[in-house]
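Now, the feature entries from TrEMBL:
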type	residues	note
DOMAIN	44-80	domain 'Zinc finger Sec23/Sec24-type'
DOMAIN	139-344	domain 'Sec23/Sec24 trunk'
DOMAIN	349-433	domain 'Sec23/Sec24 beta-sandwich'
DOMAIN	444-544	domain 'Sec23/Sec24 helical'
DOMAIN	571-644	domain 'Gelsolin-like'
TRANSMEM	119-138	transmembrane segment
Amino acid sequence: SFRCTLTNIPQTQALLNKAKLPLGLLLHPFRDLTQLPVITSSTIVRCRSCRTYINPFVSFIDQRRWKCNLCYRVNDVPEEFMYNPLTRSYGEPHKRPEVQNSTVEFIASSDYMVKKNMIFEHFFIFIFLLCSFVLLSLRLPGDSRTRIGFITFDSTVHFYNLQEGLSQPQMLIVSDIDDIFLPTPDSLLVNLHESKELIKDLLNALPSMFTNTRETHSALGPALQAAFKLMSPTGGRISVFQTQLPSLGAGLLHSREDPNQRSSTKVVQHLGPATDFYKKLALDCSGQQTAVDLFLLSSQYSDLASLACISKYSAGCIYYYPSFHRSHNPAQAEKLQKDLKRYLTRKIGFEAVMRIRCTKGLSIHTFHGNFFVRSTDLLSLANVNPDAGFAVQMSIEESLTDTSLVCFQTALLYTSSKGERRIRVHTLCLPVVSSLADVYAGADVQAVVCLLANMAVDRAVSSSLSDARDALVNAVVDSLAAYMSTASNLQQSMLIAPNSLKLFPLYILALLKQKAFRTGTSTRLDDRVYAMCQMKSQPLVHLMKMIHPNLYRIDKLIDESTIHVNDRVVPQPPLQKLSAEKLTREGAFLMDCGSIFYIWIGKNCDNNFIKDVLGYPNYASVPQKMTQLPEVDALSSERTRSFISWLRDSRPLSPVLQVIKDENPAKTDFFQHLIEDRTEAAFSYYEFLLNIQQQICK
């Protein structure tokens, strides 16, 4: 839930500057938890001065007084807090669950409400497709009050009256897109349970309603304006499915991509929005507690840099399917179906605000993620979901010489889909150190890399991609040079890194070869922008798989050591280096990239493995577009499926599977992830290390 780039906090800003490492936090505040202590008592104990919630790192001066761990104020212990509901004993406030757990959730009183009678309102803006997927997933969170509505659009905007009592859905068309209005404001959002049959009828009818249309225009802006008008009274969630550049009405966009520049090593333009229409509308939505989630299914340039603003600033999320086609691209179609299922059924928090507090002396100066910053330390999140990650950068404003510990606390106040107001609180406590060696020893290299990735995206948009790339390389050069200068007995001809940062150059090289930051390799502008959106909104664990995937050899799983998980035997193959030299023609390899699994089959792979695991007699008969493993009654099949489902269980979005042979076009994607190898445009890992060493020794 909470990771700091430095697990030993430097005592002063001067010491932090010397270490040349960024100080910041990576947060995953609303993630799915199997265990969460929920506190129902009517008294929520907080510091009277800085409003910190009582937590395991406060100190009790005596039974009646506690000292805040952030501002050091001494507070009284309320009478009710003296009783412990778990042990049913009196006089042991230090044993209460709030003081025993670093993550807790409080059920808040009505004083914490934003809008009374919050109802889960869900609004879909469709193009045409997807209806069958949504039909499969009409198990939205919420209660019997959940309301839902639909809009479709081309050059006009179409509304659907689904009022209970109608024999069939009624379509209402508004053609004046320059002055959009709601034709029947009261019957466009309907109760999901009361109008379920009409909703099903509409979803079944929609695909055939537009099959013969000659329309090619897209009035996305006016459709969004209409949805905003409809949602404003209550707030909720708008889901937008878009397949092209918006071409009519407010927010229309023009193509800004020059395909000839896709593999440029020089300037990459148009990483920022072309218009402020989508940002302004997002801020209006955020003000009315409405988030907009964007699903972009497009094979042509759609200017995601502009469209993404609608989700970024309203605390929504962005999904992108670049070459979506139901029959020609079954892997993408399956990914959309799995993503939608998760999206429509996962937990959701409405009207949320998040505040991060830290010990006196520390200050937060930059936030990363999808939200709107309402005041210096308050993030406004119209919706919060369990798959959203955030990052913050910090500095040390006053020396921490008087304390041996610092604490960070994040409090997320939200309304559940059942209408309950809740506060989820996470508290982290870390030691303060005064030596540079201790600062390096406590560096969390993955957190450092993810924070730098966020900072590099901002740099690429505000300055240039080459500046962002230089800054990433300099981060490695400067920190390793600083470390080497502290150890005077080292030979300057060697590249030395502290244990904690051994993988730092590898991860930064991987980041430079990522779609967001790579140059010299053909990269579509929307693909690049989407990778940047991911960097800014993915939790650390998912982001790391995207940056540096895991590679395993899987054709000899029967011989590997195993672990037992819920009656399942799960093999544990060792991780392989991301290099083509590890791929043998006789083997089969699984690459876990977070949202996709690639299985690469070598030309001379054992036929028994191909028969038992893939269900085909030999290499030649394995088809090009294979996305499922069959259930074969053989030990190697069972072990392979068990290993893959164990990997799948560790993440919310179920990854799709793609089997790859040498002649498969998807082979390029697979080989681009082998980041230790040299490409025409980029160093191998060995060359990168030599380059870092040369820069340090200059």
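For all residues, glycine too, the Cβ spot is worked out from N, Cα and C.
Curation plays no part in TrEMBL annotations; they are all automatic predictions.
Across the candidate stretches 44-80, 444-544, 571-644, the maximum count of CB pairs under 8 A to the domain 'Sec23/Sec24 trunk' (139-344) is reached by 444-544. Residue counts of the domain 'Zinc finger Sec23/Sec24-type' (44-80) by helix, strand and coil are 2 helix, 12 strand, 23 coil (DSSP-based). Secondary structure by DSSP for the domain 'Sec23/Sec24 helical' (444-544): 70 helix, 0 strand, 31 coil. If you look at the domain 'Zinc finger Sec23/Sec24-type' (44-80), the same-chain residues 6 or more away from its ends with a CB under 8 A from one of its CBs are 91, 93-94, 98-102, 106, 108, 357-360, 405, 407, 409, 411, 423, 425, 427, 429. Note on the domain 'Sec23/Sec24 trunk' (139-344): mean pLDDT across this stretch is 89.
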